[in-house]
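> Annotations per TrEMBL:
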type     : residues : note
DOMAIN   : 54-197   : domain 'Glycosyltransferase RgtA/B/C/D-like'
TRANSMEM : 72-93    : transmembrane segment
TRANSMEM : 123-142  : transmembrane segment
TRANSMEM : 154-184  : transmembrane segment
TRANSMEM : 196-216  : transmembrane segment
TRANSMEM : 330-347  : transmembrane segment
TRANSMEM : 354-372  : transmembrane segment
TRANSMEM : 378-398  : transmembrane segment
Amino acid sequence: MAWIVLVNLAVRFGWLLYMHPPQVDDFAWYFSHATQMYKGQGYVWYGHPTAYWPIGYPFFLSLLFHLTGPSVTAGLCVNILLSTGIVLLVYGLTVRIFDNDTFGFAAAAGYTLLPSQIEWNSVLGSEELFTFLLALSLWIYIQDPVKLWSKMYIWRIIVSGLVMGLAADVRPIVLLLPFALILFERFALGRSVRDALGAAAIFGVALCAGVAPVTIRNVVALHHFVVVSTNGGVNLWQGTHSNGWYFWSWNPKVNPLLPYLKNDVLENQVAMHAALMFYKAHPLLTLWNGFEKWFFLYSTDWNVVSVTFAEQTPHVSQSVIHFNMWFNNIVYYVWMMISVTGLVQTFRRVRKPFAFLLVTYIAYNTAIFFFFPAWDRFRYPMMPLYAVFFGVGAWYIVRRGIGGRPLDRCTLAGGYRSSMDR
């Protein structure tokens, strides 16, 4: 595993030396507002406190800047370390579920070398921090089982929920995850309804505790109850106008939010109302748009090229940009076919309860984007979970290729039996 870590660091730092585009859009926002907080100016926009983008990632950067001073390079280097941490967690999740180091090695290697996961390290995005916290929370959740409702069992769920709460401070998409955990506990682990509800409730309360400091800050600063951020309604409204791309209009006949741009709480409320009215007036179109959003969520893997290679024009030619777009896509398609192969083999040959936790999150995250504009950047946090199944699929394909031998039930079941029966 040490070799995978070294390769991961070498590839990502090498990429950073080669590609260092200007930080634009969200990435410029994160840097500028982290710098404001570092200087003690608060989290403000248009001269007043804001919560338009979640405060978690810029606050994290502001803490870093107390050590380094405002520095894009420092932020990118920390993102690389977080990315390396994600690789370790991919390995840890895989070995915990399957009790198989080979699967873990293949999963970590597959994630390490996926082009888009390397390329995102050259921009100051919140993806690395959120994905690291998400994977860490799930890893804690599936640690060696102990007696139901023992102190160790309860504390494990509490710590997992707290970490997920910190992830919600970065991206609030996980706020409703406790409801999905009810299904996982009840149907995958076979818990009673009471036990499933209890576990999800403990996780949910811990998650809320992780979010509480941000909520309190918002109540004090904005004088409104805002759980994490105020852009949820805006994103829903944008989803009524676009499915696979960003939408904004400066035409007041199209955009009812323009009068409220300097009040992001009111802007969010107006946007939420407009989105709900659209759903009510156009239920069939909303349904169609939802499936189209899912298509855009999974159809390509080239968004990162637009904020790396494309930001270097005219120094980078269009042919280079197009080549990298299609290279990313082709590798992604092959990579996902291997991952899906592993997923099918896992559930075809033996029931893997903890593997269902990864599938539960993937299904939950995908379902959320039935209403929000979706493209491949928003699939980023799910890729480490797909990487777990990539490890199984890669080994299955290798075994079939060298000896015509499929994965046997003992190989796939070993982790579950050895960890649950001792």
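For all residues, glycine too, the Cβ spot is worked out from N, Cα and C.
What TrEMBL says about a protein is an automatic prediction, not a curated fact.
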> Hey, which of 196-216, 330-347, 354-372, 378-398 has the most Cβ-Cβ pairs under 8 Å against the transmembrane segment (123-142)?
378-398
> Are the transmembrane segment (378-398) and the transmembrane segment (330-347) close, by which I mean at least 3 Cβ pairs under 8 Å that are 6+ residues apart in sequence?
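When sequence-distant Cβ pairs are counted, the transmembrane segment (330-347) touches the transmembrane segment (378-398), since at least 3 lie under 8 Å.
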> Take every residue in the domain 'Glycosyltransferase RgtA/B/C/D-like' (54-197), average their pLDDT values, and give the whole-number result.
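So the average pLDDT across the domain 'Glycosyltransferase RgtA/B/C/D-like' (54-197) works out to 95.
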> By DSSP assignment, list the helix, strand and coil residue numbers for the domain 'Glycosyltransferase RgtA/B/C/D-like' (54-197), in that order.
117 helix, 0 strand, 27 coil
